[in-house]
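The next block holds one structure in the form of C-alpha cells; read it before the comments.
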Amino acid sequence: MADPTAEPVAGQSSLIRPAYSRVLLKLGGEMFGGGQVGLDPDVVAQVARQIAEVVRSGAQVAVVIGGGNFFRGAQLQQRGMDRARSDYMGMLGTVMNSLALQDFLQKEGIDTRVQTAITMGQVAEPYIPLRAVRHLEKGRVVIFGAGMGLPYFSTDTTAAQRALEIGADVVLMAKAVDGVFTADPRVDPDAELLIAISHREVIDRGLKVADATAFSLCMDNGMPILVFNLLVDGNIARAVAGEKIGTLVTT
C-alpha cells in the first residue's frame, strides 16, 4: 500500500490519495477503437488524462493494452488463418496502441516508456523487468506491448504475469461493464453485480471476466484483481484510491 504522505510526481498536485503504490492497468484494445477498427484519438486522450492524474498523485502505473481494435488472433483463426501467425499480428496491434497511449501521455507531461516482448528497437525498449521497475520508481509510466511475445497467450495473461514480475499491488482490469456479474449483463437483465469474489469462484463458475490462465496465475500468487468500468470518467483514479467501485477479486 502507498504511503499517504508520498509527494506527487514532478511537484504537481493531485486530489487523489492512492491506496496502492504500484498498479498494473489492463486496457482492452476494443475501447481504443471506440467500437470501430483502428484508433479513436478522443478515447486515447481521455484515458491518458486519467492515467496522468493518477501518476501525479504519486502512484506508479504500468499498463498492458490489448490489440482487439486491430486484430484478434482467435477470431482470425476461425476464418482459416494459422493461429500462431494471427496471434503475432495481434501483438503488433498492441504495439500500435501502446505508442498511441505513450504519445498522449507525453502530451500530458507524463514521461512514458514502451517496452515490447518482441524486439523493435526503433520504437520501443526491450522488455527488461528491472529496467521497468526503475522507470516506475522514477515516476514514469511503463507500457508493455506485444503481449508475452508468444502465441496462444492473451494480453490478460500478460497483465497478470507482468504485474507479478514488477511487484504490483493489484491488477486493475478495465472493462466496458461495471465489474463481475452473475451473468452477462448485456444479455441477462437480472444479472447481479458482485462486489467481491475469489479467484477460484470466478474460475469454477465460468464467469467471463478474463481468461482462466490469467486468473489461475493471480490466484496461485495472491495477486488481487479489481474489475471496473473504464467508460466512467475518473474511474481509474477511484480504483487507485481504493474507492468501492467494481468487483475486487482476491484469493
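Cβ coordinates come from backbone N, Cα and C, glycine included.
Copied over from Swiss-Prot, here are the features:
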- K26, L27, G28, G29, G68, R72, F181, D184: ATP binding site (BINDING)
- G67, D87, M148, G149, L150, P151, Y152, F153, S154, T155: UMP binding site (BINDING)
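Positions of Swiss-Prot features highlighted on the structure.
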{"residue": "K26", "record": "ATP binding site", "Cβ within 10 Å": "28"}
{"residue": "L27", "record": "ATP binding site", "Cβ within 10 Å": "27"}
{"residue": "G28", "record": "ATP binding site", "Cβ within 10 Å": "20"}
{"residue": "G29", "record": "ATP binding site", "Cβ within 10 Å": "21"}
{"residue": "G68", "record": "ATP binding site", "Cβ within 10 Å": "21"}
{"residue": "R72", "record": "ATP binding site", "Cβ within 10 Å": "20"}
{"residue": "Y152", "record": "UMP binding site", "Cβ within 10 Å": "12"}
{"residue": "S154", "record": "UMP binding site", "Cβ within 10 Å": "20"}
{"residue": "F181", "record": "ATP binding site", "Cβ within 10 Å": "20"}
{"residue": "D184", "record": "ATP binding site", "Cβ within 10 Å": "11"}
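Working note on the binding-site residues M148, L150: by count of other C-beta atoms within 10 Å of each C-beta, M148 ranks first. If you compare Cα positions, Y152 (UMP binding site) sits closest to R72 out of the binding-site residues K26, L27, G68, R72, D184. The C-beta environment of G67 (UMP binding site), restricted to residues of the same chain at least 6 apart in sequence and closer than 8 Å, consists of G29, G90, M91, L92, G93, T94, M96, N97, G147, T155. Nearest in space to L150 (UMP binding site), taking C-alpha to C-alpha distance over the binding-site residues K26, L27, G28, R72, F181, is R72.
Counted over all residue pairs in G67, D87, M148, G149, L150, P151, Y152, F153, S154, T155, the record's binders of UMP, the longest Cα to Cα distance measures 14 angstrom.
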